[in-house]
């Protein structure tokens, strides 16, 4: 693991954006694994600005998103389909036919099969991850098998509580999702993890310095050959 710690979130997100701009310019047709939630938004904002400044192009990029809520139509403002269009895709030159997000409205078994088939046909060059306060990656909650592929998952209460800030009330937060599995995530050539804030410090510590155990899904990253972690000082505060 290569661990980068920054004084401020602004410095962190500039560094992550520079990392992606360099990587995309070196391989313009790469396949990116993307994440949702509040963590990647500043990265996407920096990448949009870089595109507007003609520093990077996404026209030959293929993307796979980690997950989608079950039961939310694409048109729902909090679906990850809508999120990706609003936060990135609508603002850059990406071909939407080359973007892949699990379906939240198909029968879950069909959605899983459709997404896994597309995923298996590609090699993800860089997989972006955020970190749940309970150590989840994607929507792979504690206890998920390290051998898991794309699957339906029940969201942990802590995840529902964390995500409720995006909804009008906690009762509106979906309780199930389809997520890329941990085995799929680990198949990526490179993994980029972003974690900020003191509320993530315990999960960061366990991810990096704790035992590799399915009770802390992100701990599996210790077994990957090429992981780059971007932390602000608050998220890194428990590291020794």
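Placed from the backbone N, Cα and C atoms, the Cβ positions cover glycine too.
Summarising the annotation, Swiss-Prot assigns active site, proton acceptor to 67, 136 and lists sequence analysis as the type of evidence. Per Swiss-Prot, the feature active site, for ring-opening step maps to 134, 141; the stated evidence is sequence analysis.
Projection of Swiss-Prot feature records onto the structure.
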residue : record                             : DSSP class
67      : active site, proton acceptor       : strand
134     : active site, for ring-opening step : coil
141     : active site, for ring-opening step : coil
Q) What's the CA to CA span in angstrom from residue 134 (active site, for ring-opening step) over to residue 141 (active site, for ring-opening step)? A) 8
(Q) Going by a 10 angstroms cut-off between Cβ atoms, which of the active-site residues 67, 141 has the sparsest surroundings? (A) 141
Q. How many other Cβ atoms are found within 10 Å of the Cβ atom of residue 134 (active site, for ring-opening step), counting all protein chains shown?
A. 19
Q. Do you know offhand how many angstrom separate residue 141 (active site, for ring-opening step) and residue 67 (active site, proton acceptor) by C-alpha?
A. 12
Q: Between residue 136 (active site, proton acceptor) and residue 67 (active site, proton acceptor), find the distance joining the two CA atoms and give it rounded to the nearest Å.
A: 12
Q) residue 136 (active site, proton acceptor) has how many other Cβ neighbours within 10 Å of its own Cβ? A) 26
